[in-house]
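Before any comments, here is the structure.
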Amino acid sequence: MSNIKYILGSFGDPDEMMHGIEKLQENNIKIHDVYTPMPIHGIEAKLGIKRSRLDILAFFCGITGTVSAFALIYLTSVVDWRHNIGGKPAFALPDFIPIMFEVTILFCAFGLVGSYYASTHLFPGRAPRVMDLRATDDRFIIAVDAQENGDHSKIDGLLKEAGAIEVKHNERKYISYE
Amino acid sequence: MSGHNESILREPLITGNDITYAKITDDILMPVENKPNRAWWIGFIVSLMGATLWLVAVSYTFWNGIGSWGLNKTVGWAWDITGFVWWVGIGHAGTLISAVLLLFRQNWRNSINRSAEAMTIFAVICAATYVVSHMGRPWLAYWVLPLPNQFGSLWVNFNSPLVWDMFAISTYFSVSLLFWYTGLLPDIATIRDRATGVRRRIYSIFSFGWSGNVKTWQRFETVSLILAGISTPLVLSVHTIVSMDFATSVIPGWHTTIFPPYFVAGAIFSGFAMVLTLLLVARKVLGLENYITMFHIESMNKIIILTGSIVGVAYITEFFIAWYSGSEYEAYAFINRSTGPYWWAYWMMMTCNVISPQLLWFKKIRLSIPATWILSIVVNIGMWFERFVIIVTSLHRDYLPSSWAMFYPTWVDVSVFVGSIGVFFTLFLLFLRVLPSIAIAEVKLLLKTSSEQAKLAQIKEGHLDKAHVKEYVESLEKFDSVKQEEYAKI
């Protein structure tokens, strides 16, 4: 085996890159991942990435917020420490709504973004795992694991045929660690 | 991304004929990757002087108490709350552009959302400082939080709109910050991968290790959409609650049910005006004419006409209801507003907010950059006066004529306000230097479908309806960044 770890097909156009993915898949070559400077629609279906469940989570975070806000207001101003405000009832539900709404949004947003960062491993100071520095600029990169897929010249050929501007053989997985 | 083209009838969102993905990155990162020019330094030094004035004035207020302001027993709120509502209102356009226009799939938002959201965050910071300094004892500011009785105060009164406001503003600020920062991650990663040395290390920390792989992007889009979905009611709720600070009181002139929609429309109105004030200059100085085009400017002007007209209708309705209600106190409050000692403030508000935005119905004015820029400033002067009129004229004639008073600002009042503008511009100018002022990834999405060059290629293919092409070419005449001669032969 050679030292090559990853074969990268670097495309200048998203449509050609999509074509490259199709070509590789037709030939039963497993794609490790694809790195793009912008979101490409339809790519997740091709690579078999499941639908995100973050929306469900966001809903439950929001509900938690509603319930927490209600509990806080109810337990403080109805149960624990009633204020007598002009003899009006302490349990004034309409007055509770603005805060319940705001806390719903707050919990929903923080729960959602927090779990997004956690599930995609984003946090301050994390070492960027970058295979090609131009993947955040103007190149669309298809990465193929060279150890799993033996026939390198065939992969090169397929990528070139689909329109890859260059094909790189990287001996390290992530160049950004240098 | 597949082969289908956008309708030729839609105006291009990116102009220029040599735009590539690399050029988009280069153009947008130009101010971040190069040394600032003289215009930036002049702006920054002037703003920094303003910020220093703010620091002095706010410190003076903290040290001496709010007696250093021109407030008196009758007029207990004046420039402080005027400034607070003004700044919060300005912030609203950022969320509207990033959230509401995303839900409506308005792609033109892609090149203005980043700077508008930054503007939101800086405006809310300015607004929050007013809230803290008008408390009188700012070191006890934490008393607005729901803390147990042992902390000194009782549990907060959850029936009070001022407490709702604390929840609304802090939620608004933190959710806007999350939305803005999450959107920034891919662009910070772009700067990181082009930088070297210490710069790379710094941007690496702030990029959270973004790599741009498929799963991260897919989740990113889900998160953006949900955040837009929850920010839309949030932004409407924030100014609604701000208006309830007034509307739930029993002061004639404040106690009206029209306040929430009227305040929200006014907020969007002033926010878009501020976006135009900032972007018309930024687009020129930073050379972003190809991304923030005349179409963007015209669209924002149309929103200003709409919201300005809503505000105008609200003013007139309010006046009508003051008479129609038969409440003599309410009627007096409004007669006094327009003809009393503060008549000049009222008519300033009417002229700047109701009459002058109507000039934008004229296409010539709507498409003139100097006219738009001046009008955008006029609108914000008018919106400042609106809040001043609502607050001061409703308070200054108390129920007892013996307590009638006028409000005269002191140098501290003026300095806190002028200084807060300095703080805002200091933060905005720093933002332009260290972060991309346009969402790079989102603009790249438009290149293959909505750019001038993609549409030109479509025309050259020649399968399009001639009448449609003619209409499209005519629509390009307003663009200052399009080379008209290229279309002369088509």
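Including glycine, each Cβ sits where the backbone N, Cα and C put it.
All annotation found in TrEMBL is predicted automatically rather than curated by experts.
What you see is a predicted model, and the numbers here were worked out from it, not measured in a lab.
Residues annotated as transmembrane segment in TrEMBL: B:39-63 (among others).
Away from its own ends, the transmembrane segment (B:83-104) comes close to residues 112-113, 116-121, 123-124, 126-127, 130-131, 134, 169, 172, 176, 179-180, 183, 224-225, 227-229, 231-232, 234-235, 238-239, 242, 263-264, 266-268, 270-272, 274-275, 380, 383-384, 387, 416-417, 420, 424 of its chain (Cβ-Cβ under 8 Å, at least six residues beyond either end). The feature transmembrane segment is assigned by TrEMBL to B:83-104 (among others).
Residues or ranges marked as transmembrane segment in TrEMBL: B:116-142 (among others).
Residues annotated as transmembrane segment in TrEMBL: B:162-184 (among others).
The transmembrane segment annotation in TrEMBL covers B:223-242 (among others).
With a cut-off of 8 Å between Cβ atoms, the residues of this chain six or more beyond the transmembrane segment (B:262-282) that come close are 85-86, 88-94, 96-97, 112, 115-116, 119-120, 123, 236, 239-240, 242-243, 288, 292, 296-297, 300-301, 303-304, 307-308, 310-311, 314, 318, 353, 357, 369, 372-373, 375-377, 379-380, 383, 386, 428, 432, 437. TrEMBL lists B:262-282 (among others) with the feature transmembrane segment.
What TrEMBL records for B:303-324 (among others) is transmembrane segment.
The transmembrane segment feature in TrEMBL is assigned to B:344-362 (among others).
Here TrEMBL flags B:374-396 (among others) as transmembrane segment.
Under the heading transmembrane segment, TrEMBL lists B:416-435 (among others).
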Looking only at the recorded stretches B:162-184, B:344-362, B:374-396, B:416-435, which one has the largest tally of CB-CB distances under 8 Å to the transmembrane segment (B:39-63)?
B:416-435
Check the transmembrane segment (B:303-324) against each of B:116-142, B:374-396, B:416-435 and return whichever range has the most CB pairs under 8 Å.
B:374-396
Which stretch from B:116-142, B:223-242, B:374-396 shares the most C-beta pairs under 8 Å with the transmembrane segment (B:416-435)?
B:116-142
State the non-local partners of the transmembrane segment (B:374-396) in its own chain: residues 6+ outside its ends, Cβ under 8 Å from one of its Cβ atoms.
74-79, 81-82, 85-86, 89-90, 246, 251-254, 266, 269-270, 273-274, 276-277, 280, 304, 308, 311, 333, 336-337, 340-342, 345-346, 348-349, 351-353, 356-357, 359-360, 365, 404-407
Please report, as numbers and ranges, the same-chain residues at least 6 past the borders of the transmembrane segment (B:223-242) whose CB is under 8 Å from any CB of it.
85, 88-89, 92, 95-96, 98-100, 102-103, 161, 164-165, 168-169, 171-172, 175-176, 178-179, 182-183, 260, 263-264, 266-267
